Amino acid sequence: MNYLNKIRIENPLTICYTNDVVKNFTANGLLSIGASPAMSEAPEEAEEFYKVAQALLINIGTLTAENEQDIIAIAQTANEAGLPIVFDPVAVGASTYRKQFCKLLLKSAKVSVIKGNASEILALIDDTATMKGTDSDANLDAVAIAKKAYATYKTAIVITGKEDVIVQDNKAFVLANGSPLLARVTGAGCLLGGVIAGFLFRETEPDIEALIEAVSVFNIAAEVAAENENCGGPGTFSPLLLDTLYHLNETTYQQRIRIQEVE
């Protein structure tokens, strides 16, 4: 857990432009791993914040016409500052409006990581793809989708699902940790985007090991939380997840991590 240990020591400032539903949970989750979250949204202060920040999360869960230009502006400011961006195109396939905005953002700014479920990532590379809400289609070939998205956007791809797929540096890994309860908590996936951002440390071309550790730390914490005798369901799972992120140690991490490199 080299990266998590570094986070706990250095408390990296992680800027989150995220959706209204998940701000509190995202901030608390970042605090739990040792990062320092800032939910700054004003383009007017972005230049100053981005001089000292370590990464920026952009999550479009509550995209509106009123915040479109702000998102484009902060993404471009992040590029100018050399700040890596984690982009979470929430429900991009659910509407033409979302898909058009995501395409515009990805043309207007360079992101370091695109994170979403298989349906969301597919929607970014296939104009005919649609989706229902934020649910991933379990029948999709996530590895193939991730590889195509990586080739299209020349950026790291993280696809979440029952198994997670990471493609970066022309390498692909499948990770098999996690808990079904993550799908029963609003904002769990959005928090993962923030966690990934917390692991970047101003690396606009992130090391695949950082991405693997970020996703594995989050999902192993979810496993441990779900197995806790006090976990009775989604309501108790959420605070237990935060507690487990806070307490997660190297021994538990190494004992539980399940990862396979794939062609």
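Numbering starts at 1 and runs along the chain as displayed.
Every residue, even glycine, has its Cβ placed from backbone N, Cα and C.
Residues or ranges marked as substrate binding site by Swiss-Prot on the basis of sequence analysis: MET39, GLY187. Neighbour density for MET39 (substrate binding site): within 10 A of its CB lie 15 other CB atoms from the protein chains shown.
The Cβ of LYS115 (ATP binding site) lies under 8 Å from the Cβ of VAL86, PHE87, ASP88, ILE157, VAL158, ILE159, THR160, LEU192, GLY193, ILE196, each of which sits 6+ residues away along the same chain. In the three-state DSSP scheme, LYS115 (ATP binding site) is classed as strand. For LYS115, THR160, the entry in Swiss-Prot reads ATP binding site, with the evidence type sequence analysis.
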Would you mind ranking the binding-site residues THR160, GLY187 by how many other Cβ atoms sit within 10 Å of each Cβ and giving me the lowest?
GLY187
